[in-house]
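Chemist: After the structure tokens below, expect a handful of questions from me.
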Amino acid sequence: MPLLRCRTGLGARLLLADGLGVEGCGFGAPATRVGEVVFTTAMTGYPESLTDPSYRGQILVETHPMVGNYGVPSRARRVYGIPLDYESDRIQVEGFVVAELPEPSHYASAMSLHEWLRGEGVPGIYRVDTRMLVERIREHGVIMGVLSVYPLDEEPPSWDELARVLSSSKSYDERLFALETSPREPITHSPPGRPRARVSMLDCGVKYGILRQLLHRGVEVTRYPCTAGADELLDGYDAVVLSNGPGNPALLRAQARVAAEVATSGKPVLAVCLGMQLLSLGLGARAYKLPYGHRGVNKPVVELGTGRCMVTTHNHGYAIDWDSLEGTGLEPWFRQPDDGTLEGVRSRDGLVLATQFHPEAGPGPWDSSWVFDLFVKMVAGRR
Ligand SMILES: NC(=O)CC[C@H](N)C(=O)O
């Protein structure tokens, strides 16, 4: 009985909507959670991925075979008053799937992945064939799933019971997550010293990495709830940032209208991931769902015109249709060479900059952090 060797004392069952059932060891919290099952090819950076608000509503599978080796850093490690190694204040994923879960060894590790997920009520499964799961998702596309972790001295939940939980849950595409990851009240983050610029942010679930990049360049950022109007975002600010965030962009109609309004206001705008989708939708473009998304920290992106190639961080399940840009005032900026996805757009006058990838990385390489330099230089130069 291999399950008896689970050192956590927990078992786990993962059931996909196509009927595939996977059994393994459990870690984290004994709990049952439903989510869209997606994979990331990132080889490192699991504390950042797990806390990325754009993963809300998803069960994340890591393709890297060993996860947890360097443990979990303490939230007390901070820079500019925000965590250094986290992308938000909590674990955002519904569940976590890894092949092997080694004991951690790292000077900055404050706890193990098992302890962290347990403390936050999130279930995890390990000692499963993640290669098979990833192939399945690649062939079938992303798929809803239910993950259940239980103490090994108790009866596991039956597959029928799990199938019932799954069939009574709403699908990922229909659920509105962005309001859950958005702040309730405006929050201002100030850089040390006199700010070079003041920007507002339509915050539908910003990754702290974006704040760190802006603060690092001397920019003061005021984050507004995802329900804010264009006036609030424009009055008294030098520029507007449209954040990343979870879920289906087509559900955020009001936010798309606000994004279009700020993008045509004459002030500079920087939009990242969901922000780019909202901006494009608001200006009349179309979004579509990718079969299995782009999630990883090793995705090439080519800048149109210069041919410059960068390795970038991605986490998106939707994309903007190239053919729908006509009449929006936006032009293509970046392209993903593997599948041709549109990875960035900008306005002809260069005031509006938008990337589908994550120039802040977190986790990932900083090849594209110059996008922040470009934005901040433009904003500070207009003051
Ligand atoms: N990282 C993001 O902002 C993700 C945007 C959107 N939720 C998507 O999956 O495409």
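From the backbone N, Cα and C atoms, a Cβ is placed for every residue, glycine too.
It should be emphasised that the depicted structure is a prediction, and the values quoted were computed from it without experimental measurement.
Look at TrEMBL and you will find CYS273 tagged as active site, nucleophile. Annotated active site per TrEMBL: HIS358, GLU360, in sequence order. Look at TrEMBL and you will find SER54, GLY245, GLY247, LEU274, GLN277, ASN315, GLY317, TYR318 tagged as L-glutamine binding site. According to TrEMBL, the domain 'Carbamoyl-phosphate synthase small subunit N-terminal' annotation covers 10-148. According to TrEMBL, the feature region 'CPSase' maps to 1-197.
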Chemist: Cβ within 8 Å of the L-glutamine site's Cβ centroid: which residues qualify beyond SER54, GLY245, GLY247, LEU274, GLN277, ASN315, GLY317, TYR318?
Modeler: ASN244, PRO246, ASN248, PRO249, CYS273, HIS316
Chemist: Just to be sure I understand the packing, how many Cβ atoms besides its own are within 10 Å of the Cβ of TYR318 (L-glutamine binding site)?
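Modeler: Cβ-Cβ neighbours of TYR318 (L-glutamine binding site) within 10 Å number 19.
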Chemist: Given the active-site residues CYS273, HIS358, GLU360, which lie within 10 A of GLY245 (L-glutamine binding site) by CA-CA distance?
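Modeler: Correct set: CYS273.
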Chemist: Taking just the CA atoms, what is the gap between GLU360 (active site) and ASN315 (L-glutamine binding site) in Å?
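Modeler: Rounded to the nearest whole number, the Cα-Cα distance is 12 Å.
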Chemist: In Å, how large is the greatest distance between any two Cα atoms among SER54, GLY245, GLY247, LEU274, GLN277, ASN315, GLY317, TYR318, the listed binders of L-glutamine?
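Modeler: Those residues reach a largest Cα separation of 13 Å.
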Chemist: Taking ligand 1 as the reference, state which of the recorded positions SER54, CYS273, ASN315, GLY317, GLU360 have a Cβ closer than 6 Å to one of its atoms.
Modeler: SER54, CYS273, ASN315, GLY317
Chemist: Determine the mean pLDDT over the domain 'Carbamoyl-phosphate synthase small subunit N-terminal' (10-148), rounding to the nearest whole number.
Modeler: 97
Chemist: Within the domain 'Carbamoyl-phosphate synthase small subunit N-terminal' (10-148), how many residues are helix, strand or coil going by DSSP?
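Modeler: Across the domain 'Carbamoyl-phosphate synthase small subunit N-terminal' (10-148), the residues distribute as 27 helix, 53 strand, 59 coil.
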Chemist: If one looks at the chain holding GLY317 (L-glutamine binding site), which residues at least 6 apart in sequence have a CB under 8 angstroms from its CB?
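Modeler: Those within reach of GLY317 (L-glutamine binding site), by Cβ under 8 Å and sequence separation of 6 or more, are GLU36, VAL38, VAL142, LYS289, LEU290, GLY293.
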Chemist: For the recorded positions listed here, CYS273, LEU274, which shows the highest count of neighbouring CB atoms within 10 A?
Modeler: LEU274
Chemist: Suppose we draw a 10 Å sphere around the Cβ of GLY245 (L-glutamine binding site). How many other Cβ atoms does it contain, all chains included?
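Modeler: GLY245 (L-glutamine binding site) is surrounded by 30 other Cβ atoms within 10 Å.
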Chemist: Quick one: Cα separation, LEU274 (L-glutamine binding site) versus HIS358 (active site), in Å?
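Modeler: Rounded to a whole number, the Cα-Cα distance is 10 Å.
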Chemist: Which residues, sitting 6 or more apart from GLN277 (L-glutamine binding site) on the same chain, put a CB under 8 Å from its CB?
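Modeler: Those within reach of GLN277 (L-glutamine binding site), by Cβ under 8 Å and sequence separation of 6 or more, are PRO249, ALA287, HIS316, TYR318, ALA319, ILE320, GLN356.
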